[in-house]
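Visitor: Copying in the features that TrEMBL gives for the protein in this structure:
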{"type": "COMPBIAS", "residues": "30-44", "note": "compositional bias 'Polar residues'"}
{"type": "COMPBIAS", "residues": "175-187", "note": "compositional bias 'Low complexity'"}
{"type": "DOMAIN", "residues": "60-162", "note": "domain 'Cyclophilin-like'"}
{"type": "DOMAIN", "residues": "213-320", "note": "domain 'Cyclophilin-like'"}
{"type": "REGION", "residues": "30-51", "note": "region 'Disordered'"}
{"type": "REGION", "residues": "167-200", "note": "region 'Disordered'"}
{"type": "SIGNAL", "residues": "1-21", "note": "signal peptide"}
Amino acid sequence: MKKLFSILVVSVLLFSLAACGTVQSGQQLEDASSLSGDSGTVGEQKSDDSREIQITTGSGNKMIFQLNHSPAADSFYRQLPLSVSVEDYAESEKIFYPSEELDTRNTPLAKGPSGTLAYYAPWGNIAIFYEECRGASGLYGLGEVITGAEFISELTGEIQIELVDASSASRPENASSQSAQAAMDSSTESEGAGQAADGSNSEEIAAIKMKVQIGSDTFTATLEENAAVDALVQRMKNAPVTIQMRDYSGFEKVGSLGVSLPASNGQITTQAGDIVLYNGDQIVVFYGSNSWNYTRLGTIDDLTGWKEALGNGDVTVTFSLE
């Protein structure tokens, strides 16, 4: 009898352990499924991380803007594609009205150079600045132009706004960029022929130096290796490039080059001495730090006297080859 009772007790215990194992295994599968679902969500968000939009004018010119990750930008992003009518306002911006009001909670106020994309909540319009955006109460930042900044002032009538296909590798290039690229390619071919003739090493050309003159002070910068730098070098070979630069936000001087260079923008945290391309046609020199989408052009080798030379106001800066 005792033996039979012992067998029954052991059987009950084994059944209980098996049940617990089944529950735990089921829970583990459920947790794994949950984690897998989360990973899928992250992947979807990552693919949408660029948040670029394209504006096409009636004449076919295209501009690409990078949106920030504010609630207002989210509201606008979800409304696309749109076909809207644009008009000029105050000879400094082009405005149009989205189909719905934007959510401005926790959205930073807008202030920046030409190419700034903003939302003016009191009127419910979106503004594309072709002059400096000096900021205003109720004016919220949405993003900035990446390519096609020179077409903003020409916007009129009906325009098309749509999402940029993340899988597309091509972006619109304006005539100036194409000309600069052609000049760069031609120069590269000529230099290649010269190297073959005299046997020089291409590494000798890699580290190009540039003079940066501010008043009576002259600094030396080491240039980057990209298409924008190649195009800028071609211009400096013809003549020094002089730019009137204005102070912005207490950490940089910015001025228009007058033509567009082929940009390769990326999120950059700049430091004092950095020289970058902004909006394709504006050169920025830093005496402080900022994080934004730029194309690197070069870096000042020795910062001694750099901030003092730039001063507090507007300056004239001349860029030339050594």
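Each Cβ is built from the backbone N, Cα and C atoms, and glycine gets one as well.
Note that the structure is a prediction, hence the values are computed from the model and not measured.
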Visitor: I'd like the per-state residue tally for the domain 'Cyclophilin-like' (60-162) from DSSP, helix first, then strand, then coil.
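Guide: The counts are 15 helix, 46 strand, 42 coil.
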Visitor: Determine how many residues of the domain 'Cyclophilin-like' (213-320) DSSP places in helix, in strand and in coil.
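Guide: Helix, strand and coil residues of the domain 'Cyclophilin-like' (213-320) number 17 helix, 52 strand, 39 coil.
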